Amino acid sequence: MFQVTFSDVAIDFSHEEWRWLNSTQRNLYKDVMVQNYENLVSLGLSIPKPYVIALLEDGKEPCMVEEKLSKDTFPDCKTRWENKELSMKEDIYDEDLPQMVLKEKTIQQNHEFSNFNKDLYYIKKFKGKYENQVEHFRPVTLTFRESPIGESVYKCNAFKSIFHLKSVFSEPQRISAEGKSHKCDILKKSLPTNSVIKNENINDGKKLLNSNESVAAFSQSKSLTLHQTLNKEKIYTCNECGKAFGKQSILNRHWRIHTGEKPYECHECGKTFSHGSSLTRHQISHSGEKPYKCIECGKAFSHVSSLTNHQSTHTGEKPYECMNCGKAFSRVSHLIEHLRIHTQEKLYECRICGKAFIHRSSLIHHQKIHTGEKPYECRECGKAFCCSSHLTRHQRIHAIEKQFECNKCLKVFSSLSFLIQHQSIHTEEKPFECQKCGKSFNQPESLNMHLRNHTRLKPYECSICGKAFSHRSSLFQHHRIHTGEKPYECIKCGKTFSCSSNLTVHQRIHTGEKPYKCNECGKAFSKGSNLTAHQRVHNGEKPSSTISVEKSLGHMSHCVYERSHNRETA
């Protein structure tokens, strides 16, 4: 298993190549590069920010800047670069230290190597006043067709690389079979020394340092030192999740996952982001530009990654499968997020109450409980919500078109479940019966609420007067007695009510609606309780005067109680 680097998925363009790309192709390239980088970072890979990404974040063109490199560019290396034409290209920049890539396309050497072509990539690091001097080179990725006579080939199987260092660092040298070895403490390998190889003639064509599966071999001790530096251990560890990184800057960027820090703010809408590249991608949404169009349905997107994700809905392809439960996903990020369910890994912890969550979105949603933030506001009534899903559910109330209409009373509802629940009023079907008193209900929820009257379980207590209730809704309704709140207003006469049901009954005075009809005589009533009392006449029952008096007294006492509280709170 080898580690994927950004260079494995990156594409470089010269100025000449970049000129031939149109705007759509350039936008496609930019989105792909940013998406590839974000995918690598999300997998926890400790990679420096590529220079091409830094250019994209600054809104600059990502094509390579080419310069001709002559033998006078670096005086210290004049003799080593004779008879060569090298081109220098700026490439990836480390966050802590700038880097350059020297890409040698064609080497024009003496007649012995005139037909030898290969690609060499070296990275030169420099600082401050040493900017114009060669400090050291790092072999990155090297390919060749054939090795000329006298060239030493250096192989590191652990990192899947072949190192060609001939005539760039030193004259041709020969490694003694009896030489001492340099040992790499990182890879725990023995490496041949260069103490006895200077100024020796080459007599066997080329030297290939053969190695076993994990050997890293070098002909010079300074090459070993460089190798160890470039492949040092990851010493920066996250205290929250234990993930390790090779650089402090990468750890700092990773830390934002736990802290929720988002230092990059959009000046258009105020939305914040944890990475500059995410802000750049977001700002495209304000321009309204959507150059990426789905050929199946015609839907357009501002980012190529969004188009790619959308296209999976047409194909139904889900190549990423969970090995634990077999569930498949169309995106690898969804699979990674899903795997936390099996591991019960909760990386995101609330710093206020200590509650932990599997998903970062769940933590953000939870934190709004502490802050009281309600950013989603209904344009119809101004009511605010902490979640967009809550706002969507609320907006159904204001929907002009309501799909579900009762064929009995023509009342409309926003969902089928509400319509079915309402229709039980007209059918008077009450299949749910209380085993204690025999009372029947048309909904199981109503029966469950009724059963609390028998058990006398009242878990909801008023914090002001101490009165307890069996239902949470009853507590909310009672609490309005203390606050005097009457949010439900009749649009006909302006009268206000503390309960929506009271407003509904009141509005029937204006509309003349009487939905409760007696099956015996056809008489209709505006209240269900009036119909129940009327039906006793047909059954030969005579309502007890005691019960009527108790009901009247109870209603009166409730009104007196409400008025007394209103005076206390006034």
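Including glycine, each Cβ sits where the backbone N, Cα and C put it.
Computed from a predicted structure; not experimentally measured.
Swiss-Prot lists zinc finger for one of the ranges 79-101, 102-124, 516-538, namely 516-538. In Swiss-Prot, the annotation zinc finger applies to 264-286, one of the ranges 126-148, 264-286. Range with Swiss-Prot annotation zinc finger, chosen from 23-45, 46-68, 460-482, is 460-482.
The stretch in 292-314, 404-426, 432-454 that contributes the largest number of Cβ pairs under 8 Å to the zinc finger (460-482) is 432-454.
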